């Protein structure tokens, strides 16, 4: 399989993919190189798009959505790993193929994934009136999760120290851009398009309620037993052990789970173990400024 063809792109464990800008948003250079193709992607009316800022519960939501589509059939979800079941539109790793090619080869109905900010979403999704599910996570936990992810994922820039990364994240100089702009852009779009806007913290606190919401949005009718089954199979502890969902099939040269596992904590409030008092004050001040123009609010702890 393509997974094992590493010869055209060799990692020695130190090399990382380079990055560049697309319309002011930092992206891996390979993504920048095919930007026109991504922008011109042709969606189909029955496509379901899952959109998130990186590390906001993407994989979790993908599993839930697929189980809803398949009416709780767990075996169907074990047919292939996450990155093969859900084409990641703007992603390309020379040895693993590209999300675009995957999407084009996939029969309908497709469940697709993107981390693009709303203003960079290929227009065809809106023209075809596709259903889009957006998940937002509080920025403190999101930052911590993204930091650990960049440590283990060679397809993204080296995050440096936690202190350095804290500044990088606040400045929005990470791949897919500023968290603040991302969540606000999708929030502003949600009432004009078929967008279901969910929160990671709600999914944690009351998973059944949120699964029910997704089921209604996808227009499926599932009984209580199936909903409970979906909640069970998409709980953090079960998913962490699921080799088809925990990204353990990606070669270690790209994702090194010994540095930090892909499924690390899946918790709300883990940021308290990372933020110093000074960082927290600085973050809150910055947050207040950047979020002054929106009614969007987040839960930072339970």
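Using the three backbone atoms N, Cα and C, a Cβ is placed for every residue, glycine included.
For reference, Swiss-Prot has these:
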type: ACT_SITE; residues: 115; note: active site, proton acceptor
type: BINDING; residues: 55-60, 137, 145, 200, 234-239, 262-266; note: 3'-phosphoadenylyl sulfate binding site
type: BINDING; residues: 113, 114, 115; note: substrate binding site
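A gap of 9 Å separates the Cα atoms of residue 58 (3'-phosphoadenylyl sulfate binding site) and residue 114 (substrate binding site). Of all the binding-site residues in the list 55, 137, 234, 237, 265, the shortest Cα-Cα distance to residue 113 (substrate binding site) is found for 55. DSSP classifies residue 234 (3'-phosphoadenylyl sulfate binding site) as coil under the three-state reduction.
Between the CA atoms of residue 137 (3'-phosphoadenylyl sulfate binding site) and residue 115 (active site, proton acceptor) there is a gap of 13 Å, rounded to the nearest whole number. Sequence-ordered, the extra residues of this chain that approach the substrate site, with Cβ no more than 8 Å from the Cβ center of 113, 114, 115, are 49, 50, 51, 52, 58, 88, 89, 90, 91, 112, 116. Neighbour count (other Cβ atoms within 10 Å of the Cβ, all protein chains): 22 for residue 58 (3'-phosphoadenylyl sulfate binding site). Neighbours of residue 115 (active site, proton acceptor) among the binding-site residues 234, 237, 265, defined as a Cα within 10 Å of its Cα, are absent: none qualifies.
Rounded to the nearest whole angstrom, the C-alpha distance between residue 55 (3'-phosphoadenylyl sulfate binding site) and residue 114 (substrate binding site) is 12. For the binding-site residues given as 55, 113, 137, 265, the lowest number of other CB atoms within 10 Å of the residue's CB is seen at 265.
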